[in-house]
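Undergrad: To start, I am sharing the structure in question, which I have written as structure tokens.
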Amino acid sequence: MKKLAVFGNPIAHSLSPSIHHMFAQSCGETISYEKIECAKGNFAQALTAFFADPEAIGCNITVPFKQEAFELTQSNCDRYAMQARAVNTLLQADILRGFNTDGLGLVSDLVAQIGSLQGASVLLIGAGGAARGVIKPLLDTGVSELHISNRTFEKAKRLSDALGISQVKAMTGDELASQQYDIIVNCTSASLTGELPELGTLKIGQSQLAYDMVYGKQATPFMRHALSNGAAKVSDGLGMLIGQAAEAFYIWTGKRPAITEVQAALRDI
Ligand code: ATR
């Protein structure tokens, strides 16, 4: 039996156990996958206790512990975790290794929804950890430009300056007026509190896809706004969640689960 878990706080509503049990069933793996809510300040100890069991081979990490998981494993991280400075997947092999599969999860869902991203122009709204984590995987797909706009412009500017990559540019509200984007991704946490991020002069109706990283039973304010302003397609982040889980499952088992049926099943939960 492979023992797996997700660490976070809060964690009660996590869909990860359901997703990984479906993956395991379809791939012929026997797993246990539990939710572990640990107190802030107790994360490292909780991890050590979990991995004391020889059957424990890996885990997912979610809010608010991704940065701490990176700090614990930063000399043994993949390049996505290094760039994001955050880890969402751990593998206990000879040593504890850190990965960040969030960006690959987003990319796989965007490709599933609109095809190749080669040459696409992309706007990220938000400049926190969620945005930082998807930049490198998006650049790897060959997008032509990756702009970042944020309520606090200086934070977007710091993020783009730190990368120093010509396709990545922080945009002020005024600069957005003259831009059109194929894909607009809401990476802010505004949807979690039912808010629409300030979009200024953004022409959201020109986009092929307006994507919210948040998911839920109902369309988020951002999705509703994009639809009513003419965006060709809108999506929540359920596919990204399943995509990042599929990459983690592959890291742990070497098997690539099919994700379409899982997505349909989760919509019914
Ligand atoms: P995460 O790790 O989830 O990205 P974070 O690092 O706290 O969380 O970043 C949250 C992001 O959402 C930030 O870009 C934040 O904007 P500020 O930098 O101006 O704080 C953005 N955000 C949160 N609530 C928002 C709102 N109501 N409208 C617009 N942006 C919002």
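Residue positions begin at 1 at the first shown residue.
Each Cβ is built from the backbone N, Cα and C atoms, and glycine gets one as well.
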Undergrad: Let me know which member of Asn76, Asn88 TrEMBL also records as binding shikimate at the site of Ser14, Leu15, Ser16, Thr62, Asp102, Tyr215, Gln244.
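TA: Answer, per TrEMBL (shikimate site with Ser14, Leu15, Ser16, Thr62, Asp102, Tyr215, Gln244), from Asn76, Asn88: Asn88.
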Undergrad: Quick one: which of Gly103, Gly105, Gly194, Gly237 does TrEMBL put in the NADP(+) site with Gly126, Ala127, Gly128, Gly129, Ala130, Asn150, Arg151, Thr152, Phe153, Glu154, Lys155, Met213?
TA: Gly237
Undergrad: Where does Phe153 (NADP(+) binding site) sit in the DSSP three-state scheme?
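TA: Reduced to three states, the DSSP call for Phe153 (NADP(+) binding site) is helix.
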Undergrad: Take the mean position of the Cβ atoms of Ser14, Leu15, Ser16, Thr62, Asn88, Asp102, Tyr215, Gln244, the recorded shikimate site. Which other residues of that chain put their Cβ within 8 Å of it?
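TA: Filtered neighbour residues, in order: Val6, Asn60, Leu241, Ala245.
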Undergrad: Other than its own, how many Cβ atoms are within 10 Å of the Cβ belonging to Ala130 (NADP(+) binding site)?
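TA: I get 24 for this one.
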Undergrad: Given the binding-site residues Gly126, Phe153, Lys155, Gly237, find the one whose Cα is closest in space to the Cα of Asp102 (shikimate binding site).
TA: Gly237
Undergrad: Of the recorded positions Lys66, Arg151, Gly237, which one has its Cα closest to the Cα of Gln244 (shikimate binding site)?
TA: Gly237
Undergrad: For ligand 1, which among the binding-site residues Gly126, Gly128, Arg151, Lys155, Gly237 have a CB under 6 Å from it?
TA: Gly126, Gly128, Arg151, Lys155
